Amino acid sequence: MGECVLSVTVSNHPGVLARISNLFAGLGINIDHIATVRSRERHVSRVRIQAEMDEEGMKKISYSLQQLPDVIRLDKVRTRSKRFSYWSAAYGLFIAVMGLNLVSPIYALYKQQWHLTPGMLSIAFAAYAIALIPSIVITGQLLPGGGFRRFLVPGMMIAMSGTLCLLFATSYPMLVVARVLQGISVGIFNGVTVAALTRLHPQQNRRQAAMVGAIAVTAGNALGPMMGGILAQYAPYPTQLPYFIHLLLMIPGLVCLISSRAELSGRASGYKLHLPTLPRSGTKTFSVAVLSSFVAWGITSLYGSTIPMYLNEWIGQTSYVLSGLIVAIVLIIAAIAQFRSARWKLRSMGLFGTILIGLGLLLLVVTVHTGSLICLSASIVCVGMGYGPLYAGSLALVNETTSDEWRADVLSLFYVGTYLGVVLPAIGLGLMTQWFGLQRAFDCFAVLFIILILAGWRGWSRQQTA
């Protein structure tokens, strides 16, 4: 079974589209999308039909179309497996998120070159959320009106624009502008990709689609800082070369998305923007999922924002590689944990992740007070093992328990909560550190998050979802 796109030239007779639709229905084939384009000849139009069918169905429909009196000719037939579109969307999400995190280990260089304060760095780190959150909400609501390509192709182009800004950045404002562009791009991908993966999955398996989306995000978060750190430490042009390589990696992603023909069918027009809302029946489940995602991202993001800025004080030297590797190792462990826990019950994923990420936070508190690399290493392992199943389980819980009617709104709100978990702790901790010092600020942060972790544990313990 694959996607088939037919281009047919027809006479402009009344009812021609209805007769074509009836022909498809008679053969048991659903039309995913049909559109007409006027040709230069006044009485002739071209009809583009998109449907999912096997090879035998394609032969039958091609023959039957040519027997209709309204059909002048069957111009072309294109087929492509949905698998190509499925992995194109996943790669696009991965490479966009990778660019978002490529800059993490390079912040230390910007701090030295531009004399930035911890507060300025925290704002730069979180600036992308200013654009990302509304981007997620708007894109998620517009998605039912058209195919995912019309969102993901511009999303990839905006991601390339953000990387170009970083490549030529010479001042702090350019850094912030680049982060905003990256936020728009990642917002588009997050708002579209999980819905696209669900639609393009052979069985439309919501849980597997959510898992692939979560792994793509985690892998992008891991490989971005790793590549940035290694190139910043050992390669020439440390504030340019990482972004140039990222541009090269985005080119095949853009080509694949442009050449992908699979579309998400839905309402073609008349869809108005609105404030996202939740179905009453799913409020409790959503609250558990979004709280857990907020906690998972809030703690994990510290390894890409606050920790690298103080790492040189703990080890006695500046290491961009180590700064990047810390983030990468956390997320590589998380990706492995996501893969290994993919068949667990969602409740087990949530409880396991909550325990491990709470333990990792306590170890991180000890690290901040003592500068112990042993405690830092242990916290990396615990947070990675906790973040993986906790975030993936939260996303799968939302995607699995939400009907198609509410999916756009619920996923939009979920991602808003998720990225607030990246932004608010990073900005808050950065500003508090500037005012009160790292240790006192981190103690306040830890107390707040332990309360949230306990609330999340209580919520997961009451979940009965498989």
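Count begins at 1; order follows the chain as displayed.
A Cβ is built for glycine as well, from the same backbone N, Cα and C atoms used for every other residue.
DSSP labels the residues of the domain 'ACT' (5-82) in these numbers: 25 helix, 35 strand, 18 coil. According to TrEMBL, the domain 'ACT' annotation covers 5-82.
What TrEMBL lists as domain 'Major facilitator superfamily (MFS) profile' is 85-464.
Summarising the annotation, TrEMBL assigns transmembrane segment to 86-110 (among others).
Summarising the annotation, TrEMBL assigns transmembrane segment to 116-139 (among others).
As annotated by TrEMBL, transmembrane segment applies to 151-170 (among others).
Annotated transmembrane segment per TrEMBL: 176-197 (among others), in sequence order. If you look at the transmembrane segment (176-197), the same-chain residues 6 or more away from its ends with a CB under 8 A from one of its CBs are 85-86, 89-90, 92-93, 96-97, 99-100, 103, 123-125, 127-140, 143, 148, 151-152, 154-156, 158-159, 161-163, 165-166, 169, 209-210, 212-213, 216-217, 264, 395, 399, 407-408, 411-412, 415.
Here TrEMBL flags 209-231 (among others) as transmembrane segment. Listed by sequence, the residues of this chain that lie at least six past the ends of the transmembrane segment (209-231) yet keep a Cβ under 8 A from its Cβ atoms are 90-91, 93-106, 190, 193-194, 197-198, 201, 238, 241-242, 245-246, 304, 320-332, 334-335, 338-339, 342, 388, 391-392, 395-396, 398-400.
For 243-264 (among others), the entry in TrEMBL reads transmembrane segment. Beyond its flanks by at least six residues, the transmembrane segment (243-264) meets 3, 5, 32-33, 50, 78, 80, 82, 84-86, 88-89, 91-92, 95, 98-99, 102, 143-144, 146-149, 152-153, 156-157, 159-160, 163-164, 166-167, 195-196, 199-200, 227, 231 of its own chain at Cβ-Cβ distances under 8 Å.
Annotation comment: TrEMBL describes 285-306 (among others) as transmembrane segment. Residues 101, 104, 107, 121-122, 125-126, 221, 225, 278, 326-327, 330-331, 334, 350, 353-354, 357, 360-361, 364, 380, 383, 386-387, 390-391, 393-395, 397-398, 401, 410, 413-414, 417-422, 424-426, 429-430, 433, 438, 449, 452-453, 455-456, 459-460, 463, 465 of the same chain lie 6 or more positions beyond the ends of the transmembrane segment (285-306) yet place their CB under 8 Å from a CB of it.
Per TrEMBL, the feature transmembrane segment maps to 318-337 (among others). Cβ atoms under 8 Å from those of the transmembrane segment (318-337) belong to residues 101, 104-106, 108-109, 215, 218-219, 221-223, 225-230, 232-234, 238, 300, 303-304, 307-308, 311-312, 376, 380-381, 383-389, 391 of the same chain, restricted to positions at least 6 beyond its ends.
As annotated by TrEMBL, transmembrane segment applies to 349-370 (among others).
Look at TrEMBL and you will find 376-398 (among others) tagged as transmembrane segment.
Taking Cβ pairs closer than 8 Å, the transmembrane segment (410-432) reaches residues 118-119, 121-123, 125-126, 129, 132-133, 136-137, 140-141, 187, 190-191, 194-195, 276, 278-279, 282, 286, 289-291, 293-299, 301-302, 305-306, 391, 394-395, 398-399, 402, 440-442, 444-445, 449 in its own chain, all 6 or more past its ends. Per TrEMBL, the feature transmembrane segment maps to 410-432 (among others).
The transmembrane segment feature in TrEMBL is assigned to 438-457 (among others).
In terms of C-beta pairs under 8 Å, the stretch of 151-170, 349-370, 376-398, 438-457 lying closest in packing to the transmembrane segment (86-110) is 151-170. Highest Cβ pair count under 8 Å relative to the transmembrane segment (376-398), across stretches 151-170, 349-370, 438-457: 349-370.
Averaged over the domain 'ACT' (5-82), the predicted model has a pLDDT of 79.
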